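**Student:** For reference, TrEMBL lists these features for the protein:
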DOMAIN    18-349  domain 'Cation/H+ exchanger transmembrane'
TRANSMEM  27-51  transmembrane segment
TRANSMEM  135-157  transmembrane segment
TRANSMEM  177-199  transmembrane segment
TRANSMEM  219-241  transmembrane segment
TRANSMEM  253-275  transmembrane segment
TRANSMEM  295-314  transmembrane segment
TRANSMEM  320-341  transmembrane segment
REGION    412-440  region 'Disordered'
Amino acid sequence: MFFVVTDSITCLRPALLFSLKPFFSNFGAIVTFALLGTFIASVVTGVLVYLGGLIYLTYRLPFVECLMFGALISATDPVTVLSIFQELGIDTNLYALVFGESVLNDAMAISLYRTMSSLKSHAPGQNFFMVIFRFLETFVGSLSAGVGVGFISALLFKYAGLDIDNLQNLECCLFVLFPYFSYMLAEGLGLTGIVSILFTGIVMKHYTYSNLSENSQRFVSAFFHLISSLAETFVFIYMGFDIAMEQHSWSHVGFIFFSIIFIGVARAANVFSCAYLVNLVRPAPRQIPVKHQKALWYSGLRGAMAFALALQSVHDLPEGHGQTIFTATTAIVVLTVLLIGGSTGTVLEALQVVGDDHDGPLSESLDGNNGYVAPSYNEDATSGNRLKMKLKEFHKSTASFTALDRNYLTPFFTSQNGDDEEEHDDPMPSSRGRGFLGHN
């Protein structure tokens, strides 16, 4: 339980400290990568592991357990890569894509894992539609709980008048406690607390944070940065002790080796297929370039969330299967953090995405109201372009959400309008002396 709470602190830090302006500007692409992409990666990994077992290439697992492994190993690390990106001064929109995909990807991976675990624990002939319903219940329910608590906190801090000097301690305490109220509420309802706390953090950063006094804003930013760094450190110390002291099933080295290959293939299927769909609805200057797609593919480190779910699989799966998955996941996390994490800077420089000018292709179409200009399209398109039309409708709806947020949600939940929020949105500092998210 303590490890799960620690991991939730690690996941909460990006949501509360990252400026959400680029996040909402790229919301359609982020949702595509995080939801559809994670589903693709989970299924591809699970199927490849299962097929590898059938031809005796790897350790053989039942199909549902392969899907559980695919779900848990599809959770990418939201912290390590972002720190490297910030240090190197990567393009703001590429940073936003990696941030949004990695955070929402955790939520999707947890929901998929719990759904597959539920399917495993019930009768084999369980109705397929009940499985879908269970997944939607877990994901949408957790999301709704998190967003609801975030909106309640925004209204409380807007109207309670806590921003006076003698109540600032209470203001800070309540701000810190609200995310964990969301976590406990979701767990009490049989939902997923980590998914809930992620969305609470996003909503509180976007709405509640601006209702705090300036001193409280500085304090909570420093506080969450501190405890998340401590939690991160604890996670890797825990992993180190686990490798040295816990019993592991190292007899299936082939399973670890081929799993790494399968994960790379699944990550490629995720990134390049989703990027293709996103580029269908974006005008040429706004399309995700190939070098950014390669950076997204290489940035899929596995971290604390995959480790936590693998630890849970030891209790969920009998006959030593959970222990095999846990050993493989531990090895994959360590290898990706050491090898991929250590070489990320070099690879990004080779891809020529380091120090990208914020006036580059991905930033040109930002309009003055903090939203990408929706591309125009011909209503008389032929039937062969129906998929493209549907995707453009989705893109148009995300632009409408940005306008809804700017014109109605932000004025209702905060004491400032959408334009004021843009002007006062704190930039994230970079090592180059330039506001990393300071471009308007």
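The backbone N, Cα and C atoms fix where each Cβ goes, and this holds for glycine too.
Please treat TrEMBL annotations as automatic predictions, because they have not gone through curation.
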**Student:** At a threshold of under 8 Å on Cβ distances, which of 27-51, 135-157, 177-199, 253-275, 320-341 pairs most often with the transmembrane segment (219-241)?
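**Tutor:** Ranked by Cβ pairs under 8 Å, first place goes to 320-341.
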**Student:** Below 8 Å between Cβ atoms, which of the listed ranges 135-157, 253-275, 295-314, 320-341 makes the most pairs with the transmembrane segment (27-51)?
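**Tutor:** The stretch with the most contacts is 253-275.
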**Student:** In the same chain, who gets a Cβ under 8 Å from the transmembrane segment (295-314) while lying at least 6 residues past its ends?
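**Tutor:** Residues 3-4, 7, 10-11, 33, 68-69, 71-73, 75-81, 85, 90, 94, 97-98, 101, 106, 109-110, 113, 194, 232, 235, 239, 263, 267-268, 271-272, 275, 322-323, 325-326, 328-330, 332-333, 336-337, 340-341, 344, 347-348, 351, 353 contact the transmembrane segment (295-314) from elsewhere in the chain.
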